[in-house]
Amino acid sequence: MAVTKTIVVLPGDHVGQEITEEAIKVLNAIQECRPDKVNFKFDHHLIGGAAIDATGVPLPDEALEASKKADAVLLGAVGGPKWGTGAVRPEQGLLKIRKELQLYANLRPCNFASDSLLDLSPLKPEIARGTDFVVVRELVGGIYFGERKEDEGDGVAWDSEKYSVPEVQRITRMAAFMALQHNPPLPIWSLDKANVLASSRLWRKTVEETIKNEFPQLTVQHQLIDSAAMILVKNPTHLNGIIITNNMFGDIISDEASVIPGSLGLLPSASLASLPDKNTAFGLYEPCHGSAPDLPKGKVNPVATILSAAMMLKLSLDLFEEGEIIEQAVKKVLDSGIRTADLKGTNSTTEVGDAVAKAVRELLA
């Protein structure tokens, strides 16, 4: 008998509507081919600028409550110049949902969905080839959630970075879990600024002790964040494995990493509230790119969102095989030359989504 999985869909702003529609199209193809296994129930709600326009707040209570009751959340993108940098901003909805749902771990893979895309990387193919790591970013602590003071006319503003041992232990265990999913286990790289920051010294000490005491079979190496940023351009495969870092450093380094495969439109992400040890962790899934307000309709690449849906199947919905099928379908479509303009292709958003859904049906036939 089919199990019903409830997915809250938060399209958000601008291209968010288009990309979530394509991901749903691919998920529906899974459902069509596995009618006895799964039934997806999609529950749409507002977030970001769209929510501000309709309700005055970036995350309405009903969207948050629905998300808490769901099996997983699929997010499009939030933000845009229309809403500026005023007191109420679209991005506040994203920060709030992360905090309220305790989505403490952000996972952002960086690899090539297909080797046929190597020539699109800003790095030389011989440098970029083989890049394969996951950034595990602590998502609900650090400077983004610390105490702060705005400039109130006195010309002074400040933000504070604070981490506790339990917070660092929790994200370290997530990185260790991800490393142990491979045989042999992947190496772990911990990025910090321990030569300057007290919070980074606590971070480094806690990561080191947690791995040593709880995961002695794993290796962890510490790298200063500025040095890691240089390595990422000069020799990205040196950092292959699992990269663990704090909220702000993770935000920056994962964006730097995201250009290596040639387009932000290729990279998925997952934000988890617990270890996915039974493939049923609650999570929010979204592409790494933003809302692209200047992009004409039909031009956005839906692959990142489709691959985010694949991560959702594998980590939250206990449909690991089906998640891998979506990844295979994406590779098949990209290799066939069906691509959006960011990948030097001529296909529309819906054409790429249609092609992936068709490939899924063929692979599951």
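One-based numbering along the chain as shown.
Yeah, the Cβs are placed from backbone N, Cα and C, and that goes for glycine too.
Owing to the predicted nature of the structure, the values given are computational and were not obtained by experimental measurement.
The NAD(+) binding site feature in Swiss-Prot is assigned to 80-91, 290-301; the stated evidence is similarity to another entry. Here Swiss-Prot flags Arg98, Arg108, Arg137, Asp226 as substrate binding site. Sequence annotations record features per position, and here Swiss-Prot assigns site 'Important for catalysis' to Tyr144, Lys193. Marked as Mg(2+) binding site by Swiss-Prot on the basis of similarity to another entry: Asp226, Asp251, Asp255.
Here the features listed in Swiss-Prot are placed on the structure.
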residue: Gly80; record: NAD(+) binding site; DSSP (3 states): coil
residue: Arg137; record: substrate binding site; DSSP (3 states): strand
residue: Tyr144; record: site 'Important for catalysis'; DSSP (3 states): helix
residue: Asp226; record: substrate binding site; DSSP (3 states): helix
residue: Asp255; record: Mg(2+) binding site; DSSP (3 states): helix
residue: Gly290; record: NAD(+) binding site; DSSP (3 states): coil
residue: Pro296; record: NAD(+) binding site; DSSP (3 states): coil
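DSSP classifies Arg108 (substrate binding site) as strand under the three-state reduction. DSSP assigns Arg98 (substrate binding site) to a helix.
Listed in sequence order, the residues of the same chain lying 6 or more apart from Gly80 (NAD(+) binding site) and placing their CB within less than 8 Å of its CB are Asp13, His14, Gly49, Pro90, Ser291, Pro293. In this structure the residues listed as binding substrate are Arg98, Arg108, Arg137, Asp226; their two most distant Cα atoms lie 27 Å apart. Between the CA atoms of Asp226 (substrate binding site) and Lys193 (site 'Important for catalysis') there is a gap of 8 Å, rounded to the nearest whole number. Asp255 (Mg(2+) binding site) has Arg137 as its nearest neighbour among the binding-site residues Trp83, Gly86, Arg137, going by CA to CA distance.
Between the alpha carbons (Cα) of Tyr144 (site 'Important for catalysis') and Asp251 (Mg(2+) binding site) lies a span of roughly 10 Å.
The 10 Å shell around the Cβ of Gly86 (NAD(+) binding site) contains 7 further Cβ atoms across the protein chains shown. Least crowded of the binding-site residues (Asp226, Asp251, Asp255), judged by neighbouring Cβ atoms within 10 Å of its own Cβ: Asp226. Within the group of recorded positions (Arg89, Arg98, Arg137, Lys193, Lys299), the Cβ with the highest number of other Cβ atoms inside 10 Å belongs to Arg137.
When the Cα of Asp251 (Mg(2+) binding site) is compared against those of the recorded positions Gly86, Arg89, Lys193, Pro296, Lys299, the shortest separation belongs to Lys193. Within its own chain, Pro296 (NAD(+) binding site) has no residue 6 or more apart in sequence whose C-beta sits under 8 angstroms from its own.
Apart from Asp226, Asp251, Asp255, the residues listed for Mg(2+), the same chain places the Cβ atoms of Ile225, Ala229, Met248, Phe249, Gly250, Ile252, Ile253, Ser254, Glu256 within 8 Å of the centroid of those Cβ atoms. Of all Cβ atoms in the shown protein chains, 17 besides its own fall within 10 Å of the Cβ of Gly290 (NAD(+) binding site). Restricting the binding-site residues Trp83, Arg89, Lys299 to those with a CA within 10 Å of the CA of Arg137 (substrate binding site) leaves an empty set.
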